[in-house]
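One structure is given below, encoded as structure tokens.
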């Protein structure tokens, strides 16, 4: 991308864009579905064996979490980076954190409590709770750490940390949200770099994950969660900086189309390469593909043709909107089904025809529950939380308006009575002549005081003294 793609206006005068990028919403649906299919692949030989050429792609589905992380950094930077990066604003930082909490917490808390109750009940019944994956003890203390989304903070491994195993990524992303106001200040000055340099930096931010996968072949559960969220979130922010001032044009659209097609092709080819290499050296090498994710997101943002057009279709748009809920519920559904089937240790580990038949139902049931969670909890919870913030802001605004009024406007003085009574006589206003209005900002009694001082009106007698009649 050359400088001709930049806006003619200064880089600092742009306003942060707010509109939805439909292709990225559709990409969220793909990422969530990819993770779901990855989690059920080990039970799906009855189906995967019929389309074995797809197995490499399915087994790389854990990298869909990295794609989510990069997307999150990109979208958040697109909405908040300019506001929060130009200078420190405590109020803006608090509003950002509250907005993110309103977005992620209601659905997350609901699924977490359901998973907690499931583990608590079957544990009391004497069932094995760790048939599918390790879980922490179902205690109130653990529930508190889960509901505050802090269960991963200080943990070295992913396994056994969450009642709902995918919850590790929510805890990691919550940490990224809290760090974003500081990251914005740190990365905002880089906006003056050339777009191609910023795009290269976004890929460079992913390089630790690339080399970790290429050299060590570590699977997702053995890869540092701190490295995963840090690299991906920073890469998303840098990718957003790279194109924040690109003017939509035929040239930029063509560049985006080429970039998106090339990135998707590269990801698919790397998954095949990773499986081939696994046959030579034990390990999981699919993480090499993650270095292409910033390029993919930039390409889909710049173009509205090819992959971007497909991702912007109605079903994928809806899937993208419920993708967060799908990510949350699918593992709990699978855990309940498989744990129920495999309580008999003699059958444990054997994919029976009944389990194989249940796999599509697990996926479809997860989709249905995700839609219900989205419409019944996620969106109403978010709207409710934001309305509380708006009402609090309105109350503060009214209080500030009252406190800014002059004191005599807050507590109006009583109107002058038509007569002033003394102990022995009465002084009527008729004797004081015509009433004159006070000047702007004057006390209502000021005109009378001036007239008395000038000798134009008699001085009223003090209360308790006789007046001159």
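Cβ atoms are placed via backbone N, Cα and C, with glycine included.
Curation does not apply to TrEMBL; its annotations are automatic.
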Scan 324-342, 381-399, 400-418, 419-437 against TrEMBL and say which stretch is down as transmembrane segment. 324-342
Transmembrane segment per TrEMBL sits at which of 141-159, 255-273? 255-273
Apart from its near flanks, which chain residues at least 6 from the ends of the transmembrane segment (255-273) lie with a Cβ under 8 angstroms of it? 1, 5, 56-57, 59-60, 285-286, 288-289, 292-293, 295-296, 298-303, 305-308
When each of 21-40, 102-121, 354-374 is checked against the transmembrane segment (285-303) for Cβ pairs under 8 Å, which one has the most? 21-40
Does the structure show the transmembrane segment (221-243) and the transmembrane segment (174-190) touching, where I'm treating 3 or more Cβ pairs under 8 angstroms (sequence separation 6 or more) as a contact? yes
Touch test for the transmembrane segment (21-40) and the transmembrane segment (174-190), at least 3 Cβ pairs under 8 Å: no
So which of 60-81, 102-121, 174-190, 324-342 is most in touch with the transmembrane segment (354-374), counting Cβ pairs under 8 Å? 324-342
